[in-house]
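Structure first, commentary second.
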Amino acid sequence: METKDWYKLTFLIESDSEEIIIWKLNELGIFSFSFEYLIKNENKKEVNIWLPIDDWDESSRSSFEKIIIKLLNINPPKNKFFEWSIIKQEDWLTSWKKYWAPELVGNHFLILPCWINLNKKFKDKQIIKIDPGAAFGTGSHPSTYLCLEKMENILFSDKKVLDIGSGSGILSVAARLLGAKEVCAVDNDYLAINSTKSNFQLNFGNLNKLNTYLGSFNEVILKNQLEQFDFVLCNILAEVIKGMIPNIYKCLRNNGEVIFSGILNSQKDEIIKILIQHDLKLLDVSTRKDWACISAQKASNST
């Protein structure tokens, strides 16, 4: 069996730069990373990023460093700011897990990495078991928090739900836990689809009530004639959301609702404007750090 080793990239940032780093890593399709508090300096955080060696040659690594430097608007001595090391595959498979811990979200959810035993004090929570593997995080991104917090106040019982950009499947699992009768998960990455199925199986012991679709949202909707959803969950980047709104409107039933997350605060006004232009009624806007979550509704008399 072929094994692959990993680069581990480490550098320090100001604590308030964490969100913009997360946003850029998600935009680049990089999901294996962690942020560590520095006991001696609360204003700084250590960033650790793991990258498959086979996919990152010297040129790619250099380009990535330039992206980070530009993003942080700094001019550090290059050989002192970034620290690259090589992690063997067998070490990676166990060492990366130490960076994840159970996380409470809102009043009802507990995100539980599958290798950690449940503490009895959390037994009254809705437990979302996650095995993120090497490709996805455990749902600690602020946009995921916002979406889950919004979901816990919605009645999903007997509802039909669409999860766009399902990733690890955390929102699909949450919808099913809250009583959804059918969950459709769409992602253009086969690793994400596999992860969604795996985590659904982990939580429920089967794939009942889950349908998955590989491909871009706009193509999947047209090809499979997906429609009449009670709720649409869309936790992806704002630039991608903008091009999806017309088809999201079409696949919602009358009075159906959509939750958009993955939007920076600086982008929310533009998204709200586009929603209104497409006859979606704004219901609520919530924020967490630099991120916004927007919910909207299709009118009852829409055609």
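Placement of Cβ uses the backbone N, Cα and C atoms for every residue, glycine included.
Since the structure is predicted, the reported quantities are computational estimates derived from the model, not experimental observations.
Residues or ranges marked as S-adenosyl-L-methionine binding site in Swiss-Prot: Thr144, Gly165, Asp187, Asn235. Counting every protein chain shown, 26 other Cβ atoms lie within 10 Å of the Cβ of Thr144 (S-adenosyl-L-methionine binding site). Classification of Thr144 (S-adenosyl-L-methionine binding site) by DSSP places it within a helix.
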Intrachain C-beta neighbours of Gly165 (S-adenosyl-L-methionine binding site), sequence separation six or more, cut-off 8 angstroms: Val186, Asp187, Ala192, Phe217, Cys234, Asn235, Ile236, Val240, Gly262
Sorted by sequence, non-Thr144, Gly165, Asp187, Asn235 residues with Cβ within 8 Å of centre, S-adenosyl-L-methionine: Asp163, Ile164, Ser166, Gly167, Leu171, Leu233, Cys234, Ile236, Gly262
Cβ-Cβ neighbours of Asp187 (S-adenosyl-L-methionine binding site) (radius 10 Å): 26
